[in-house]
Structures are given as C-alpha cells and as structure tokens.
Amino acid sequence: MVTHQYRLATPVIDDDNNRTKQPRRTVNDGEVNTNTVFLSGRKKTRNVSGPVSSTSQWWLVVPCLILITLASAPDLLILNDFIVRRYERQYGLDVSDRSQRTTCHQSSTSTPDYWYLHEYTSTGTDYNIVQQNAAKFNVKNSVATLIPSLFAIVLLGSNCDTIGRRPLLFLPFTGKVVRYSLMLIIITHDLPDGWLMVAHACEALFGSFGIVMLSALAYITDCTHESKRTRPFLIAEVVTLVARVVPVLAVGLWLQHFLYTIPTSVCLGLSVIGMLYVLFIQPESVQNMRNKSLILQITSIRLQPIIHCIQVFLVKRPGHNQQHLLLISITNILLLLMLFGYMSMFSLFAYGRPFCMNALDVGLLATTHAISACLFTLIITLLRKQQLDKAYSLPIIGLLALVSDLLLFGLAKSTWLLYMGAFIGSFFFITMPILRSKLSRLVEPHEYAIVFIAAAFIEAGGDKAMEAVSNAIYNASLHFLPGLVFLVLALLGLFPLLIMSYLAFSEKKTIPIISTINNTKV
C-alpha cells in the first residue's frame, strides 16, 4: 500500500522551557481520502487536509478573464457591422458617411405611432432586405459553429478537474489566434460569407469564452474558502463587464470612419498575449497537475469524465440537496438562454429601423449596460455585509430586471427606451454569481468544475442555438413586430421565476456540505 507522511498540528506545550517536536506518523491512502486521522490519547479525529490550492491566489486568473474579454467584446459589433455594410453595398444602399445611416433613417416613418404598423416606403422595403440577409447569415453561422462548440465544451469541460485549469485557459486563446488570422485574410481579400463561417468554426473547436469562464470559476473555487466565495465571483463578473467597455467604445468610434483591419489585428495581439500569460505565468490550482507541462496536461484528456458529468447530478445527497442542485442548474441554464438570445440580437436590432444606430451608438448602449451593472454590484456588495447568497431575493430581483429590459426592447419605438432598458437590465448581473455560489455549496470539492459545466455547455452550445433561433424569429417578424424576439425571451423568464420562488420556499430543508477544514458549513 502506498503511504504518505503528513505533518500534524503542533501539540499544546505544557512547559515553556521544554520544546516538543511536532509528531509524525504514517498515514495511508484510506485515511487521506476521508480527511481524518485517528490519534491516540488526544481528540478522536484531526483534520490533515488543507485547501485544494493553498499556495495559489484566486486573483491570478483575473488577467486571463480581462484579456479574453478585451479580445472577445467587440466580436459581435465588428461582425454585425461587417455583414450589414456588405449587404448594404450589395444592394446599393450604402452611403459615404457611415455615422449618419442615411438610408436606414429615410426608410423609417416619423409618425408617433409604432412604425411597424404603417405601410412601408419602397426604401424601407429595400432596407429590410439588408436586415433579413444579416439575420439569415447569423442563423447559418450559428448552426455552422454549434457542433464544434458542443464538442469542445463537452470534452474539455468534463476533463477540467482531471487535466487541470490551465489547458482550458490556454486553448480558447489559441482558437482566437486562428480566427483573427483568418479574419485578416478574409477582410484583405473580401472573401465570401462561407469563409467567415469557417473562421468561426475553427475558433469553436478550441473552445470559447465560456470555457475560459468555466476554468476561471473552478480556479477561484479551488483558491477560496466556501463562505467567502461569492465576492470573488462578483469581482470576476464585474471585471468582465468593465473590460467590455473600452474595446466596444473604441471599436464603435473607429468604425465611424475606418474599416476592420486595425481592430482585428489588436484582438489578435491580445489573444497572443493571453496565450503567453497562461503559458508562463498562470499557476495550476489542481495539485496533481502542478508539476506537469501544459502539453502533458492536454494529452491527459479522456472520454470517461464525460459520463461523470451526468452522474454528478444523480448522486444521492442529504436532505433536498440533490433536488436543489438540479433546479439551480436548470435555472442557470434558462437564464443563460435568455441572456444569450438578448445579446445575440442586441446589435442587429439596434442597427435596424426605427433606431438606425451606428457602431458608436451601439457601443454607447452596451457601455450603459456595463457601467450600470458595475455600479449596482458595487453598491450591493458594500451595503450588504452578510453573505450575499443566503437568500433568493437578489436573484429574483435580478431576473425581474432582465424581464423588464426585454419588455422595453420589445415594445420600444424610441432610442431612450433602449437606454432605460439597458440600465434596468444591468441589475441582472448580480443574479448569476449568487446562483454559482449556491451551486458550489451543494457539492463536494472535487465536483466544483463539473457543476459549472452545465452552464458552460449552454454558454457554448446554447449560445449558438439561441442565436440561430433569435435571428430566425427576428427575420420572420421583421415586417410586423421586430421586437417580438425580446417578448418571447421575456416570456421564457416565467420558468426560472417559478423555480427560484420554490427554491426560496424550500431552501431551509437543504443540508449544507460540511467542510473538513475547521468543520465549517459550506
């Protein structure tokens, strides 16, 4: 039997003049796995295990989040502007001054009633072709990247606890480098839409932003105590929101007068920096992988952990913990579907009639969303001294804020309503970190990454599926109610609202996992 030696806590010294050496004894693997060691003549049991990653600081993963966010944030804006401009040129509807969107404005009526209830002008009918073709491209692009995205998240995500966190931080940056390199070729040679789909599919094979977020959340969980985990989650969420502001504004301003080569090159440079950071600086938080090279970690990927991803939700747990684990996971998935559907239509909807926003306007709208979310998060974190995840009141309020945002977008006929919706909806970003914290308190430490895989699975696969569905709804309803897609997403919010209301009522029946460190509740 393989044995290990562990140094136990220093015993109480009765005589100040006599220094007693720390006792040693051999501990077998059975005792290590139970986190207890039987001692004679003292307390019955004594903990011998420490935190999973006692030498790593949770904030060391923040630069990875910042770099992947800086590189990814302008993706939708650049792609949307590129596609809309391409179809405007194809149908002879482009103008020399991109900041004015003259053709789009001329096609919108000035009537105080809802513009889509009135008869279109010939220009309006023509301009709808641009929006329809852009929506059709988004559907095709989403379908083309769906399978590679699902493959990457299932294979990489399920192995996160086995191969460590660093591979899941490194590979998405590699995918970004491949994509932006291909994008530069496409932009330079004006290649057809099919090449755009190939570039996005290649990126999806290496994972996406969701893979980085999954690994970052698992890394933070490894390096933090259970009772202090919500605030790091919130900080990580706020960092990603703040990091979106600068690139979106900068790209929006740039696209007013210039094209895509420079912003794409900057995103490529950020991706290369991210690869180098993970390769040379980012530590590993999974102990048995700390001394292995990144290549050895990647080659340790296996198919067996995929089965464990399903089993973790079927394990019998005390009290109502298993039920709550399933329901919180379902709630998390539904909320992500709503969010992804909303974000996938954000730019294209704002570009269309009657708003006719340009790239800078969309950037300002997205900035309003991000800054408001940061302010709300900061205020709540400072005012609430107790644990933020003790109740479901904040997640429910956040969900209602998102539903209000969707309703305002769906019924808006003026630009200021979009800004109001973005401001109100920003409170939703307090919801996800709290639910993630609640999830981590219902499982064992070795299951941390696996319970986040359901969210990451939806973030990769559900993102593409919802983008396809949302664009299809928008394309079908463009002639009578373009905001219908947002109303459908708002209706979807009824299900997580009912689930969280039930969870809030029955939470007192759950039995928290007891940490082996100081016997504290998780």
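Every residue number used here counts from 1 along the chain in the order it is shown.
Any Cβ shown, glycine's included, is placed from N, Cα and C.
Listed by sequence, the residues of this chain that lie at least six past the ends of the transmembrane segment (58-79) yet keep a Cβ under 8 A from its Cβ atoms are 165, 169, 172-173, 176, 180, 196, 209, 212-213, 215-216, 219-220, 222-224, 232, 235-236, 239-240, 243-244, 246-248, 250-252, 255, 260, 263-264, 267, 270-271, 273-274, 277-278, 281-283, 343-344, 346-347, 359, 362-363, 366. If you look up TrEMBL, you'll see 58-79 (among others) marked as transmembrane segment.
Per TrEMBL, transmembrane segment is recorded for 168-189 (among others).
Remote same-chain partners of the transmembrane segment (195-221), defined as residues 6 or more beyond its termini with a Cβ less than 8 Å from a stretch Cβ, comprise 53, 56, 58, 61, 64-65, 68-69, 72, 79, 137, 140-141, 144-145, 148-149, 151-153, 156-157, 160-161, 165-166, 168-169, 171-172, 174-176, 178-179, 182-183, 185-186, 229, 232-233, 236, 240, 285, 436, 440, 448-449, 452-453, 455-456, 459-460, 463-464. Marked as transmembrane segment by TrEMBL: 195-221 (among others).
Using a Cβ-Cβ cut-off under 8 Å and counting only residues 6 or more beyond its ends in the same chain, the transmembrane segment (233-254) has close neighbours at 61-62, 65-66, 69-71, 73-74, 77-78, 213, 216-217, 220, 262-263, 358-364, 366-367, 370-371, 373-374, 377-378, 381, 388, 429-430, 432-434, 436-437. Taken from TrEMBL, the feature transmembrane segment applies to 233-254 (among others).
The transmembrane segment annotation in TrEMBL covers 260-280 (among others).
The annotation transmembrane segment is assigned in TrEMBL to 325-350 (among others).
Residues or ranges marked as transmembrane segment in TrEMBL: 362-383 (among others). Away from its own ends, the transmembrane segment (362-383) comes close to residues 77, 80, 231, 234, 237-238, 241-242, 244-245, 248-249, 251-253, 346-347, 350-351, 394, 418-419, 422-423, 425-430 of its chain (Cβ-Cβ under 8 Å, at least six residues beyond either end).
Here TrEMBL flags 392-410 (among others) as transmembrane segment.
TrEMBL lists 416-435 (among others) with the feature transmembrane segment.
Residues or ranges marked as transmembrane segment in TrEMBL: 442-460 (among others).
Positions annotated as transmembrane segment by TrEMBL: 480-505 (among others).
Beyond the ends of the transmembrane segment (392-410), by six or more residues, the same chain brings 335, 338-339, 342, 349, 380, 417-418, 420-422, 424-431, 434-435, 483-487, 489-490, 493, 496-497, 500-501, 503-504, 507 to within a C-beta distance below 8 angstroms of the stretch.
Packing against the transmembrane segment (325-350) from elsewhere in the chain are residues 76-77, 80-81, 84, 131, 134-135, 138, 142, 313, 317, 357, 361-362, 365-366, 399, 402, 405-406, 409, 418, 425, 428, 431-432, 435-436, 438-439, 442-443, 451, 454-455, 458-459, 462-463, 466-467, 469-471, 474, 482-483, 485-486, 489, 492-493, 495-496, 499-500, 502-503: each is 6 or more residues past its ends and has a CB under 8 Å from a CB in it. Long-range contacts of the transmembrane segment (416-435) within the same chain, counting only residues at least 6 positions beyond its ends with a Cβ under 8 Å from a Cβ of the stretch, are 230, 233-234, 236-237, 241, 328, 331-332, 335, 339, 342, 350, 355, 365-366, 368-373, 376-377, 380, 388-389, 394-395, 397-399, 401-402, 404-409.
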